[in-house]
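Per TrEMBL, these features apply:
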TRANSMEM  46-71  transmembrane segment
TRANSMEM  92-111  transmembrane segment
TRANSMEM  123-145  transmembrane segment
TRANSMEM  152-171  transmembrane segment
TRANSMEM  191-210  transmembrane segment
TRANSMEM  230-250  transmembrane segment
TRANSMEM  256-277  transmembrane segment
TRANSMEM  306-325  transmembrane segment
TRANSMEM  331-353  transmembrane segment
TRANSMEM  374-393  transmembrane segment
TRANSMEM  399-418  transmembrane segment
Amino acid sequence: MIDEDYPLERVPREARYSWFNVAVQRFGQLSDLTQFLLGATLGAGLSFWGAFWAFTLGSVILEIVCIFVGIAGMREGLSTSVLARWTGFGRYGSTLIGVIIALSLFGWFGVQTAVFAAGLHTIMSGIPLWAWCLITGLGVTALVLRGFRAMGWTAFVTVPAFLGLAGWAMWVELSRHSLGDLVSSTPFGEPITIATGATIVAGSYIIGAVTTPDMTRFNRSTADVVKQTLVGISLGEYVLGLAGVLLAYAVKTSDVIAIITASSGVVGVVILVSATVKINNWNLYSSALGLMNAVESTIGVRLNRVAVTVGIGLLGSVAAAMGILDAFSGFLFVLGVVTPPVAGIMVAEYFVVKRWRPVLDASRELGRLPETEPAWVPATLLVWAAAALVGWLSDAYGWIGIPALNSLILAGVGYIVAGKLGLVRGTRELPVERPAVPV
Ligand SMILES: Nc1ccnc(=O)[nH]1
């Protein structure tokens, strides 16, 4: 009933799944209520076609990241933070990545739990909000304990339920308006540029893109990763996002979640459950993988995935119940700035510089991890910091281009240049220790 799911080792070939299973889970991550909100935000600031181009640009950025990082994850069968050890970051760089992933997705888990609970509280107000937070948070936690297979089944049920019912709720609202009028609407809020819109689109899912290997380590081939990404992300961004734009024009407010969840009774409950569970399970799953790598890479203790999941799930549910997650949003912004360069560096190392590819290739043949790993890679940390700084400045000062993309490309190019100059070197090689018995 409980799958440990190879959190710190390679996923063997025989434990992998069809591309469609992964694609449905991927689409499930993108088809949630906050995606409508994203559409509404773009609708408030852009025309329909402006929003269309912002979604297109943002999706292209995300898909490129997901495909390249995802192929590395599929080939090596490793989660993002474990893979990072041999894709430019070394043991302790991967600790940082594990911590960043664990914290960001802990934050998202709490936020989604709060959205979930608030919706259910509106429909069934007899139970207090804090209690709904605990019920929904711990419910999702119980699912995540059971691992990838169970999450796949969940997506197969919740994705069609969500599309059908949320689609219907939307249709009811949109059919009161003429589609032509909606498409030719002007933005009703503060206007934004397409580049800003694309940044919002890419930024809102960049942590999902960087953690792609957590998911694609269960894919079987490069073609599967590509198909899964194109189908899952394109549908998720366009269908849900553009629907959110139209809805926002229809009601001239950004509060589109209220419209979808205004369906009361059983329909409202099914919409909420099906919207949230399939994304929030992944928030918790990847958060746990990140934390396990962070702990193992620093103190050599291999935690049990179930224990870590329960710990984070409980803490996140309590944080949601206490309503303290607003304090987290500034922090999530900082994490959003440091995340894109990670993708640039991983891709540059794995596909271009290839400093650690030989050890990955040799150990992959044996189905094991490499014997050694670099401790720190100073050049990577410098490139990472510089790229994150440029990303942050280009956002703050409205420099040319798309901030997330600027920092991603700069990190990739910077790493390649450092590699060509022979600067990509670990401080020392450490033996990879694998405590055999989970604690
Ligand atoms: N946009 C999001 C990224 C990651 N997790 C979420 O729940 N939502």
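Just so you know, glycine gets a Cβ as well, placed from its N, Cα and C.
Of the candidate ranges 46-71, 92-111, 123-145, 374-393, 399-418, 46-71 has the most C-beta pairs within less than 8 angstroms of the transmembrane segment (230-250). Where the transmembrane segment (306-325) meets the stretches 46-71, 92-111, 123-145, 152-171, 191-210, the count of C-beta pairs under 8 angstroms peaks at 123-145.
Listed stretches 152-171, 331-353, 374-393 were compared with the transmembrane segment (46-71); the greatest number of C-beta pairs under 8 angstroms is found for 331-353. If you look at the transmembrane segment (191-210) against the transmembrane segment (399-418), you find at least three C-beta pairs under 8 angstroms, all six or more positions apart, and that counts as contact.
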